[in-house]
Structures are given as C-alpha cells and as structure tokens.
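What TrEMBL records for 213-421 is domain 'BAAT/Acyl-CoA thioester hydrolase C-terminal'. Taken from TrEMBL, the feature active site, charge relay system covers S242, D336, H370.
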Amino acid sequence: PVASNVSALSQLCQDTRWGSSLRILLEIMKPSMAATLILEPPAHITVRGPGPKQRVTLRASLRDEKGALFQAHARYRADAEGELDLERAPALGGSFAGLEPMGLIWAMEPDKPFWRLVKRDVQTPFVVELEVLDGHEPDAGRLLARELKFFKRYNAFLFSSLGPGLFPGIIDIYGVGGGLLEYRASLLAGHGFATLAVAFYDFDDLPKDFSNIHLDYFEEVVCYMLQHPQVKGPGVGLLGISLGADICLSMASFLKNISATVSINGSGSSGNSTIHYKQISIPPLGIDLKRIKVTFSGILDIVDIRNDIVEKFENPSMIPIEKAQGPILFIAGQDDHNWRSDLNVQTVSERLQAHGKEKPRIILYPGTGHYIEPPYFSMCPASVHKFFNKVVIWGGELRAHSKAQVDAWKQILSFFSQHLGGSKSSYLPIC
C-alpha cells in the first residue's frame with residue numbers, strides 16, 4: 001500500500017512480497033455531482049468545486065476479503081477559492097483532526113469489533129471508495145463527488161534483508177522477455193538492499209507488448225519505494241538489463257530521486273518502443289529486418305538489424321542521458337549479439353561529454369554475450385526471442401562470459417554500496 005509513515009497501512013506492508021500501487025480508476029461523474037475529486041501520485045487528494053469556505057466531509061471506505069466494511073471520515077472547510085487540498089488543509093474533526101493528508105486511509109475502522117485488516121490474496125487489489133459530502137454530517141450530507149482508488153501491487157515484489165532497519169532501495173527491471181523475474185532482486189536483498197523487481201509488460205493486467213513505455217508508471221514505483229518503511233532514501237538505485245536498462249536510463253534522465261543507475265547491455269535509445277513521459281515522447285529507432293543473418297543451423301543473428309544512429313549522438317531516438325541524476329555504471333559484453341552494446345555505450349559516452357558531462361564509468365567484457373546474469377548462472381548462448389518468436393544468438397564464449405558474470409556482480413554491488421550506502425558484505429562478488 002501507499003505507506004506514508006502511518007501505522008494502519010504498515011500492517012498491509014508486513015508481507016514484503018506484496019508491493020502496491022496507485023492504479024487509479026476514475027468514475028464518470030454523475031451530472032448531479034457538484035465537486036471533483038483529484039488523485040495524484042503518490043496519494044495527493046484535492047477537491048475542486050465546493051463553494052468558497054464550504055463545509056464538506058470526506059469519507060473513505062473499503063471492504064476486505066471477507067466483506068467487512070472499513071470506514072473513516074473527516075470534516076473540512078474549502079478555501080476562499082472553493083478548493084480543498086489535504087496537504088494544506090487540516091481536518092476539523094471526525095475520525096481524526098489536524099493536518100493528516102493520509103488520515104482517511106490509516107484512520108479507517110471496521111464495522112466488526114476487534115476485526116483486523118489483513119491482505120491474504122496478493123493477486124487482487126483493495127478498492128478504496130472516496131466520497132465528498134456536503135456539510136459536516138457524513139451520513140446525511142448530499143453526495144458531491146465519488147472516486148475509486150485501487151491499492152494494488154506494482155506488478156512487482158519487494159525483497160529486503162531479514163531484520164528491522166532501513167536499507168538502500170533498488171528497482172530491478174528485466175527486458176524483452178516480459179513478465180516478472182525476481183531472482184536478481186532476491187539476491188541483492190541478501191547483500192543489504194531492499195529491492196523491488198518490477199514488471200512492465202506481459203504480466204497480469206499490464207500491456208501485452210512493449211511498443212509504448214510510460215515512465216509515469218515507473219515514477220509511481222519510485223514514489224512507493226521512497227515511502228516504504230524499510231527503504232532509507234533519499235533516492236533509489238536502478239538496475240536494468242537490455243530493454244530494462246534503457247528504461248532505467250530513461251528513468252534516470254526524467255525522474256527525480258534517482259541516486260545511481262546500472263545499465264547492463266543497454267542501447268541508450270528507444271529501440272522499438274516509444275518512450276513517454278508527460279508531454280514528452282521519444283520516437284522508436286526502429287529496425288531493418290533485411291539485416292537479419294541466418295546461421296547454417298537456422299538460428300537468427302540480429303546484431304545488426306537496428307537502424308543506424310544518424311546525426312551522431314543527437315538522434316531524436318536517443319535517451320537524453322545528459323539529464324540523468326546520479327552516477328551511471330555501464331556494463332557491456334563485447335560479444336553481445338542482441339545489439340552492439342560496446343558501440344552503444346561509446347555513443348552514449350560521446351553524447352554525455354558533448355553536453356559537458358564527465359565520461360561515464362564503462363566496463364567492457366570480452367567474449368561476453370547479452371545475458372549477463374548473477375554469478376554462476378548458466379550462460380544462454382541462444383534462445384527464443386519473444387519479439388521474433390524464433391531462436392536468436394545472444395553471444396558469449398562460455399569461460400569469458402562466466403567470469404564476466406562474477407566480476408560484473410562484484411562491480412554492481414560495490415557501485416551501489418558506494419552511492420546508495422550499504423554494508424561491507426555488499427562488496428562480496430558472490431550470490
């Protein structure tokens with residue numbers, strides 16, 4: 001749930017495998033409703049439409065998995081412009097009083113005595129209904145507005161070290177394979193990092209393809225991490241591979257509170273996706289299927305199918321990495337056959353320096369392919385590519401690739417420990 005240092009919501013966070021999100025479902029307002037409820041990430045509630053200084057009551061309610069009703073209400077007075085912002089307006093009474101922007105959530109009480117709010121089925125959301133009522137009598141006031149708010153996981157699971165305390169936070173994103181992969185996040189947790197593995201397509205109710213990537217979704221993930229009671233902040237780290245690396249680079253370039261980023265075999269461009277953030281869109285670079293090579297065994301080699309980066313490093317499909325917050329570590333395999341990662345990072349480096357930035361830290365691994373995994377994972381030289389639905393070469397020579405995975409893991413742990421803070425054990429080059 002969207003925790004804001006409130007004890008009621010912390011109960012929902014006790015199972016750290018359950019992340020939650022701000023999926024907001026806006027109801028179509030009935031013509032008779034005289035106000036509008038506005039919900040903004042992470043949990044900013046604003047009411048517009050009441051008259052100047054009008055007295056209103058806000059009520060929140062949800063039903064748990066066994067049907068028990070939980071409710072809270074608070075009395076407010078709109079400002080001189082007829083607007084009510086819960087981050088600035090104190091509650092005048094009700095279930096709580098004073099300036100409590102999240103009070104409507106943590107103050108909810110059950111209609112059954114001694115009933116505890118417990119989330120058992122993590123695959124379904126809690127749905128909170130928010131209502132605006134005329135006057136200060138919650139059971140008698142005329143309904144002015146209503147909205148539904150989904151408290152649900154981010155299609156992700158949070159792994160954190162055992163024991164109490166605050167830990168540096170990392171968001172972990174994989175690539176074109178889709179779905180939710182958790183093993184790297186769980187390994188990072190063993191080194192003192194609270195790590196959130198995040199899916200962005202082909203999982204649960206997410207889009208079925210990656211043609212459009214919306215950074216607003218990931219912005220909500222960052223907000224969730226920074227509000228989690230086990231994440232110390234003030235920023236988070238990002239770790240991504242392949243398309244996930246490019247998402248991380250985009251997040252670092254556009255979003256706030258990013259302290260450090262690791263890109264594993266990223267391209268530095270939008271690839272086959274359009275990357276969106278508010279009114280900004282980065283167009284896809286695109287591919288040329290005529291450049292596909294076929295080996296004697298019928299396996300595809302797609303290393304050269306991407307369209308060339310024209311206009312040097314100012315191509316409109318390149319991620320504006322010069323805007324990135326925090327340091328970036330680029331890890332690239334020099335035998336990557338998904339795309340030429342070693343050349344890609346060189347182009348990114350040139351762009352950064354052309355914009356007056358320092359040359360980034362780049363680690364190149366000879367004989368290393370695309371899937372640089374944690375230590376001792378089997379190398380994947382070729383497998384079915386989800387986009388082509390055919391077997392493609394990923395590259396890599398077994399011994400060199402395996403050694404690279406051990407060293408890359410050590411470098412990742414050291415990098416995050418240096419820039420996020422962490423225990424000395426985080427420097428260990430093992431899983």
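Note that Cβ sites are derived from N, Cα and C of the backbone, with glycine treated the same way.
Heads up, TrEMBL stuff is auto-annotated, nobody curated it.
In the predicted model, the domain 'BAAT/Acyl-CoA thioester hydrolase C-terminal' (213-421) shows an average pLDDT of 93. Take the CB of H370 (active site, charge relay system) and look out to 10 A: across all protein chains shown you find 26 other CB atoms. Counting in whole angstrom, D336 (active site, charge relay system) lies 5 from H370 (active site, charge relay system) by their C-alpha atoms. All protein chains included, D336 (active site, charge relay system) registers 26 other Cβ atoms within 10 Å of its own Cβ.
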